[in-house]
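K.L.:
Here's a structure for you.
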Amino acid sequence: MVSDTVNMSVDLGGIKMKNPINTASGTFGNGWQFEGFYDVSTLGAITTKGCAAEPWDGNPAPRMCEVNSAIMNSVGLQNPGAHAFVETYGEYLAGLEGRGTRVIVQVAGHSLEEYARAVELFDELAPFASGFEINISCPNVSKGGAAMGATPKAAAEVMRAVRPLTSRPVVVKMAPHDVAEIGRALEAEGADALSLINTIPAMAIDVRTRRSRLSRATAGLSGPAIHNIAVRMVWECHNAVDIPLCGIGGVSSGADAAEFILAGATAVSVGTANLTDPTSAPRILSELEQWAESQGVRDINDLIGAAEC
């Protein structure tokens, strides 16, 4: 799977990945669930399911539904809390790090204090983590989530609260709006990298019952339907900041991943495709390697932001 002619390794703000393919939080469990399909250590990184300092119940069912060219989810960041997370998954994740795949632990919170406490705990309990992804963009929680990243000021406050608590790389997962301004604010407060975009708030109505198809009125839209919106936002953010980006949104082929790289992403996360085809991530990596070779470069980093737009 490793190219003989093109260097595929990238550096996502201090997270040194052997290739650009990451997995999007919430679509990949915590990695071990996919080991029966392929060797997860072929990937550059995985991002774990979002976890807070204390357990969260998440939203009632139904939580997911299919719509045109996309899925909608309203899981609500259900998680077991930091201590149970490390006790349950720590051994596997440490082993995955040892096999060369970087582990990025996603952190969630309802408030500045909760984000800070979660980072503090994971910094102590999770030596296997190469870095942390701060989720300030989940549209499916009533407190925190997207509200924490809705403005440059709010996003900067979260970053200011967590930055002193770890020396490891901090990536911030952004909502799909004002990415240039919010990206600059996060960079100014010490973010090492940005991941974008999170799901887009959307709605699906059952026309027979006239009720939402999910337990909440709105939910997060992901999949191929949002891909080109995400590419545009990565391009905008790349032109606004000097820190690396991880592109997320509707990646189902090597060409989709290549678009993100050309738009300015250093790494690319595979999300919804994991749910429709559990073997999608290594296939996308193979296709991306073939594309890089076809471009006649010896280093995939030479293609980051190389779109002539």
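Every residue gets a Cβ built from N, Cα and C, even glycine.
Remember, TrEMBL labels are computer predictions, not curated facts.
TrEMBL lists these features:
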ACT_SITE  CYS138  active site, nucleophile
BINDING   SER25, LYS49, GLY50, ASN135, LYS173, ILE197, GLY223, GLY249, GLY250, GLY271, THR272  FMN binding site
BINDING   LYS49, ASN73, SER74, VAL75, GLY76, LEU77, ASN135, ASN198, THR199  substrate binding site
DOMAIN    9-290  domain 'Dihydroorotate dehydrogenase catalytic'
K.L.:
In terms of Cα spacing, which of the recorded positions LYS49, SER74, GLY76, CYS138 are within 10 angstroms of SER25 (FMN binding site)?
P.N.:
LYS49
K.L.:
What does DSSP assign ASN135 (substrate binding site), in three states?
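P.N.:
It is in a strand.
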K.L.:
Which ones are near GLY223 (FMN binding site): of the binding-site residues LYS49, GLY76, ASN135, THR199, which have a Cα within 10 Å?
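P.N.:
So the list reads THR199.
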K.L.:
Starting from the residue listed as 'active site, nucleophile', work out which of the binding-site residues listed here (LYS49, THR199, GLY250, THR272) have their Cα within 10 Å, and give them in sequence order.
P.N.:
THR199
K.L.:
List every residue in the same chain as THR272 (FMN binding site), at least 6 positions away in sequence, whose Cβ is under 8 Å from its Cβ.
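P.N.:
Looking at Cβ-Cβ distances below 8 Å from THR272 (FMN binding site), excluding near sequence neighbours, one finds ALA24, THR27, ALA70, ILE71, SER222, GLY223, PRO224, GLY250, SER252.
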K.L.:
With the FMN site defined by the record as SER25, LYS49, GLY50, ASN135, LYS173, ILE197, GLY223, GLY249, GLY250, GLY271, THR272, how many Å span the farthest pair of C-alpha atoms?
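P.N.:
So the binding residues stretch over 19 Å, Cα to Cα.
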K.L.:
From the binding-site residues SER74, GLY76, ASN135, THR199, pick the residue whose C-alpha lies nearest to the C-alpha of GLY50 (FMN binding site).
P.N.:
ASN135
K.L.:
Only counting partners 6 or more residues apart, tell me which same-chain residues put their Cβ under 8 Å from the Cβ of LYS173 (FMN binding site).
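P.N.:
In sequence order, the residues whose Cβ lies under 8 Å from that of LYS173 (FMN binding site) (at least 6 apart) are SER25, GLN106, GLU133, ILE134, ASN135, ILE136, SER137, LEU194, SER195, LEU196, ASN198, ILE248.
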K.L.:
Which one, from the binding-site residues GLY223, GLY250, has the smallest tally of other C-beta atoms lying within 10 Å of its C-beta?
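P.N.:
Fewest other Cβ atoms within 10 Å, among the binding-site residues GLY223, GLY250, is found for GLY223.
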K.L.:
Have a look at the binding-site residues (SER74, ASN135) and report the one with the fewest Cβ neighbours inside 10 Å.
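P.N.:
Comparing Cβ neighbours within 10 Å for the binding-site residues SER74, ASN135, SER74 has the fewest.
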K.L.:
Return the average pLDDT for the domain 'Dihydroorotate dehydrogenase catalytic' (9-290) as a whole number.
P.N.:
96
K.L.:
Sequence gap of 6 or more, C-beta under 8 Å: which same-chain residues meet both conditions with respect to LYS49 (substrate binding site)?
P.N.:
SER25, GLY26, PHE28, GLY29, ASN30, ASN79, GLN106
K.L.:
Let me know the largest Cα to Cα distance in Å among the substrate-binding residues LYS49, ASN73, SER74, VAL75, GLY76, LEU77, ASN135, ASN198, THR199, as an integer.
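P.N.:
Output for substrate binders LYS49, ASN73, SER74, VAL75, GLY76, LEU77, ASN135, ASN198, THR199: max Cα distance 16 Å.
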K.L.:
Check THR199 (substrate binding site) against DSSP and tell me helix, strand or coil, would you?
P.N.:
coil
